[in-house]
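Chemist: Have a look at the structure that comes next, please.
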C-alpha cells in the first residue's frame, strides 16, 4: 500500500461549506491496472469491481480491512449477452448494488455488436463474487449510432440522447427506493474533433449528460423514463462521466462525477449537490485533480459506497494503466473532503 498524499497537499481550492480536499492521505491500494472501480461492503468484507483486463471481462478485488486488497483470479461476468460484440466487448465501469431480496445486481458497459459504441447491460447473482448471469436485454442504449435507430433486443430504459450509454451506477435512497444513473456517451459519435472526440470549438461539442432512472426492487425495471440531471459545460472540456451518488449528513444528495478527457492530465473528480435524487444539481467544484509532485495523475471514476463515507477511484500508474485508490469522505464547516 503506497501513500501518495501528504496532509499539506492541496489538490484544488477550498470553498466554504463546499469542497476542501484531502485532509488525510488516500492510498494507492491496487497498484496494477484496475480502472473505473466500484465498491460494496458485504458482511463486513469489502469488494471492488473494475473494467476488463487481458483475462477477465470484469475484475474483482477483496479486502477485509479497507487498507489491504487482493485482486481475485476470477471473472465476475464470464458470459456476455448476444447484443455485445463477442470479439471486442470492451467491458467497462461495472457497478454493484444489493437489492432487497439479497440478490446482487451488476451494471456494466459493453460494445454493441458490429459497432464501436457502448451500451449498458445488467446481470444478477446470488453470490457477491458471481458468476453473474447477464440479462438478454440491454439496460440503456440511446441511439448508439446517432442514426435515430435503437438496437435489438430493445433496452429496458427509454432515454433521450445519442451515442449509446456507459458508466451505470446503482443508488439506494434512504426510503429504500432504487435508482440507476448513467452517462449518455455523445462524444463516442466523433462529431467534434479533439480529445475524447469532443474537443475543438465549444459550439461544436455535443452533450454528454448524466441521466437517472427510478427502478423497481429488481434493480432494472424502470418506473419512468430517464431524467437528465447534469451535463458538461465549458469548464468540463469534452465531457462529464462516471456518476456516483451519496447522501450527506444533512440529507443533501452529492453527485460525484469525472470531468474532462481521461486521456488528459486535466481529468478530475468533481461533485454537484441537490436536495433530491432527481435534482436540480448545482456544480460545486473539484474533489481531486492532477498533482504530479505527489504522483497523482488524472484521478477519475470515483464510486461512493452505500455507507456514504468510503470511496474508491483510479489514477494513472507510472508503468501504464490505472490503479485504485481508497479514501473516505468527510464533511465539516470547512467543506466536503476526501480523507
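Every residue number used here counts from 1 along the chain in the order it is shown.
Cβ atoms are placed via backbone N, Cα and C, with glycine included.
TrEMBL: automatically predicted annotations, no manual curation.
Residues or ranges marked as active site, proton acceptor in TrEMBL: 36. Feature annotation from TrEMBL assigns active site, proton donor to 241. The annotation signal peptide is assigned in TrEMBL to 1-20.
Let's see these features in context: how buried, what's close, how far.
Modeler: Counting only same-chain residues at least 6 apart in sequence, those with a Cβ under 8 Å from the Cβ of residue 36 (active site, proton acceptor) are 50, 51, 92, 93, 94, 167, 242, 301, 314.
Around the Cβ of residue 241 (active site, proton donor), the number of neighbouring Cβ atoms within 10 Å comes to 28.
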